[in-house]
Amino acid sequence: MTAASTSKWGLVTNVVNSIVGVSVLTMPFCFKQCGIVLGALLLVFCSWMTHQSCMFLVKSASLSKRRTYAGLAFHAYGKAGKMLVETSMIGLMLGSCITFYVVIGDLGSNFFAPLLGLQVTRTFRVFLLFAVSLCIVLPLSLQRNMMASIQSFSAMALLFYTVFMFVIVLSSFKHGLFSGQWLQRVSYIRWEGVFRCVPIFGMSFACQSQVLPTYDSLDEPSVKTMSSIFASSLNVVTAFYVMVGFFGYVSFTDATTGNVLIHFPSNLVTEMIRVGFVMSVAVGFPMMILPCRQALNTLLFEQQQKDGTFAAGGYMPPLRFKVLTLSVVFGTMVGGVMIPNVETILGFTGATMGSLICFICPALIYKKAHKNAPSAQVVLWVGLGILVVSTLTTLSVSEEAPLDLTQGARSGQRGDAEGAMKVEAARLSVQDPVVVMAEDSQEKLKPAEDKEVLEQAQIKGPVDVPGGDTPKEKQEAAQLDRPGQGIAVPMGEAHRHEPPIPHDKVVVDEGQDQEGPEEKKPPPKLPDEGDPAGRGQGAPLLPESEKKQDPERGEEGKRPEQVLAVGEIERPQKIPEANGQPPVQPRKEDSRPGNRDLHPVPQARVSVELNDLVAGEGKESAQKAGGAPWKPMESAVESNIGGKAGLAVQRPEAAEQREKNEAEQPGGDQAGSKLEEAGRAEMLDHAVLLQVIKEQQVQQKRLLDQQEKLLAVIEEQHKEIRQQRQEGEEDKPKPADMQPEPGAAVLRGQEEEAEHAGAPDEHAGETLEDNPSQPLQPVLGAPRGHPAPSQDKGQHPLEEVKVLAGRDLADLPAGGSDTEPHGASSKLREDQKGAALKVAEAVRKLVPGDLEPVHKPDPAEVPKSPEKQLAKEVARQRQDVFGEGSQERKETGKDAVAPGADTQKEAAQPLVGAEAEDSHSKSRHSEPTKVPASGPAGMGFQAQARFRQEPQVIFDKSQDSHPEVRSEGPRGVGIPAEEQHRGRGAAAMQEEKQRPDPNSGPKLAVPGDQKPENAKPNRDLKVQAGSDLRRRRRDLASPPEQELAPKDGVIISFNSLPNVQVNDLRSALDTQLRQAAGAALQVVHSRQIKQLSGDLEEA
């Protein structure tokens, strides 16, 4: 039972969604036409008839086994019956679509026009309908399968209808529901409106097209279940309609029009409901277009099958599908544009197609199967009566409607001001129970006129204005009679002496009183607040409220209204000037945001000039508008809101004199000169920008030249490295160290080397620890010069990379920042692997005996002099490039370079050349491999590398050792001092093994320093040391030499050496990136320079 009840209420909800539509908006109007009692009875009667017709269809379907409306008609009456049903269905759907468009035009235009600052005109309404049909309705209608989303939208629309009902109820409370005054206003029974309202009621319940699909969707189709489902749905809808009709009619009584939403004052809730209606209606179009399109397809194109039946829901070719959809969408849009109001289209459609579909056809089909059916007879005759009488009644009333309803009501539909006035009239009528509604509105308006006259006399009395009070009264009457006061369309003299007068005068003063243009702009809003004026509010109060509200509006938006209010031909000429000059000021401000620091004075001057220009424009406008004595008086009225008559008298004269003086002065010339000055200021700004750009270009050229020099140096180093490889193969012993596991080898190498390492190694470790902040910067600054300690750590990655080429790939994710260097270096490795292997064999033989004894003395002694030289060269080069480089930076760079550099210099100078390229590629691999060796320190470095990934990439391209330095520097931060000393000790041990190249250590230190142009020899040393290390690593592949692996693990740190080559590749890329990046790179380079100089000083 639970599942069954759940499914039942789900079907009830779907049926209610299909029944409730925009016709709910016309319920108060129908109650007004028929009276409260008769309207409620008619609703109940139409609900009963709808239920009966639905049961006719269900019973006929159960007997004939047909599941479509057209199929039942064909079964009963042949092809004629099928065509009747299909044409009626098409007409009903088209009428519904037209109704949707009318509602969108009424509600949407009243909502969107004020937002856009436009008037609610017929042209805007047409434009809105076209935009909605093109942007919302058409895309949804062109979808073949939209039912799921449409149902969700329909459920959302039902929520809007519910909220709408509550708003109606609350409005009735607000309009005196419990005071009982409405009892004398409303009518209870009016037989005249029966035939006009019954078709609307009938169409409001139209759900016959949903009957058979719902019946077919039941798990166990039965007539009893269908009867309960539709009875529940119709009861809910009937209660909903009665509530909306009753409370809506009580709220607005005789002022009620076809679309009740138009009466509501503009506030957040009502605007939300209006927008909700518009969107629900727009989204509900496919619900109407889908069956309409299908019916058109079957009616026009479907062929009868051999068995005499028609295929239901056949496939529709794409072209036909699109043509039918377009014709329906835009055809109904034309109908929505042509038909004036909702009640007319609903009444006509309901009287014709609605009566056929809802009552006549179901009754005829049922009578064919069941001869004796009294209920079918009743429904049939009522339907025929509606078809004939209601059609005539609706057409006749629609012709008279423009005189009765649409003269005031249609204009009310086009403007919120009219609706608000009607609401106020209803509200006032509630307060006076004796007066009839029609008289009430007039009587309430006339006192408002009297108050208005008195108010204005109070302010303007002392001034002798030509025109006197008599024209004022006439003008006020004219304006109050006009429905669209909310629209700023003054009608000649009618506006001049009304509250809008300050509006016109303000336009004149706007130019004269240069100080407060915003205060004078309020007048355009006066017409918008014409309703309060009509209601008897004081005119002087309007300018203040407007002044508060006007600043929010843009000047441009207000001035056009002012032009309209003045109604003069010269006025439009002022507008382009006033609107054209403000853009000048914004442009200057826009061009300045980046250059405000450069030219603050020109900006201020320009703004002053612009203000003068605006003032000049105001004067010109005043001159053009000047000449009428009442205009100065208007300005006086606005300025003297307090009602000071004496001031009002004096000010008109001053204004007239001002206008005369201004007429004599050529304001256009002043404006032109000011524009020229503003243009000059802009030219200055542009010139400054050009200079800055030129300077940046010059700097970029310098960088490019330096990078080219670096590339040339690197090429020379490569050549020397190759030669040194050959020599190193013959001279250097082969290291007996093997690293079965790169991570373990690195750890062991660091430990052993830490033991063997001398003071220089310790010093190197200290330099890193002393400057914990440096590792972060070296990541960026590495391109120019990297401390040697990072290189020592880089040596470990070199060995690891060589030992495990495949593992490098696995480790790469750990050092994600190095993936790019790895790709660049892989090419170099392939070229140099052969030579490196040979060198490695020679290294194996030479290393074992030389490792320990050689290690300590060399790093301390040999590297210092070359390191200092390198540091100086680097500093000079960087100063040349960037114009920066302090002695402190050089010293720090030297300190960092010294320890690792010495060990690396001793390690292998000749080998550096051969292995530089390999280490180049491996260093990038080695950084990922370092991650396991260094542990969390490596992790921190990776995070840092990622954090500065862009700068690293840019500078790594220009400087080969940089990637190693990046990984090593941050690791140095994370790694304890002991590990750093160990790493350096390992480097020293390796250098001892590589003793044949005692100068390789300084060269290793140089790699960062060699990146400058002057560091060629240092790069050679780096390359040699790297080549030696690589050879040893390759030699270490043999198991007997694994024992020495921990020491050689330090060799991995030589990866920094290979970075020299990487820098070559990156330098080329660097040039391009720098060109794109511009000044941003310069900042990064400056940081690098600082770091390098600091490292040199420490060394």
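Including glycine, each Cβ sits where the backbone N, Cα and C put it.
What Swiss-Prot lists as coiled coil is 698-734.
Swiss-Prot lists 441-454 (among others) with the feature compositional bias 'Basic and acidic residues'.
Feature annotation from Swiss-Prot assigns compositional bias 'Basic and acidic residues' to 493-508 (among others).
Summarising the annotation, Swiss-Prot assigns compositional bias 'Basic and acidic residues' to 517-528 (among others).
Residues or ranges marked as compositional bias 'Basic and acidic residues' by Swiss-Prot: 586-599 (among others).
Feature annotation from Swiss-Prot assigns compositional bias 'Basic and acidic residues' to 653-663 (among others).
Summarising the annotation, Swiss-Prot assigns compositional bias 'Basic and acidic residues' to 720-735 (among others).
Residues or ranges marked as compositional bias 'Basic and acidic residues' by Swiss-Prot: 749-766 (among others).
Taken from Swiss-Prot, the feature compositional bias 'Basic and acidic residues' covers 793-802 (among others).
Among the features that Swiss-Prot reports, compositional bias 'Basic and acidic residues' is placed at 852-894 (among others).
As annotated by Swiss-Prot, compositional bias 'Basic and acidic residues' applies to 917-928 (among others).
Taken from Swiss-Prot, the feature compositional bias 'Basic and acidic residues' covers 957-969 (among others).
Annotated compositional bias 'Basic and acidic residues' per Swiss-Prot: 1010-1022 (among others), in sequence order.
Annotation source Swiss-Prot lists phosphothreonine at T767.
According to Swiss-Prot, the feature transmembrane segment maps to 9-31 (among others), an assignment based on sequence analysis. Residues 39-40, 42, 96, 99-100, 103, 151, 154-155, 157-158, 161, 164, 168, 193, 196-197, 200-201, 203-207, 209-210, 214, 217-218, 229-230, 232-234, 236-237, 240-241, 244-249, 251-252, 256-261, 277, 281, 284, 287, 342-343, 346 of the same chain sit 6 or more residues outside the transmembrane segment (9-31) yet have a Cβ under 8 Å from a Cβ within it.
When Cβ-Cβ distances below 8 Å are used as the criterion, the transmembrane segment (36-58) is approached by residues 30, 69, 72, 186-191, 194, 197-198, 201-202, 204-208, 211-212, 215, 223, 226-227, 230-231, 234-235, 237-238, 241-242, 245-246, 249, 358-359, 362-363, 365-366, 375-376, 378-379, 382 of the same chain, each at least six residues removed from its ends. Summarising the annotation, Swiss-Prot assigns transmembrane segment to 36-58 (among others).
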Stretch contact, the transmembrane segment (84-104) with the transmembrane segment (229-249), Cβ-Cβ under 8 Å, 3+ pairs: no
Cβ contacts the transmembrane segment (323-343)/the transmembrane segment (229-249), at least three under 8 Å, sequence gap 6 or more: no
Cβ-based contact of the transmembrane segment (272-292) with the transmembrane segment (378-398), 3 or more pairs under 8 Å: no
Cβ-Cβ under 8 Å with the transmembrane segment (229-249): same-chain residues at least 6 beyond its ends: 8, 11-12, 15-16, 19-20, 24, 27-28, 30-32, 36, 39-40, 43-44, 47, 50-51, 54-55, 161, 164-165, 168-169, 171-172, 177, 186, 201, 204-205, 207, 211, 214, 256, 260
Per-residue pLDDT averaged over the coiled coil (698-734), given as an integer: 85
Cβ contacts under 8 Å made by the transmembrane segment (378-398) with residues that lie 6+ beyond its boundaries: 49, 52-53, 56, 195-196, 198-199, 202, 340, 344, 347-348, 350-352, 354-356, 358-360, 362-364, 367
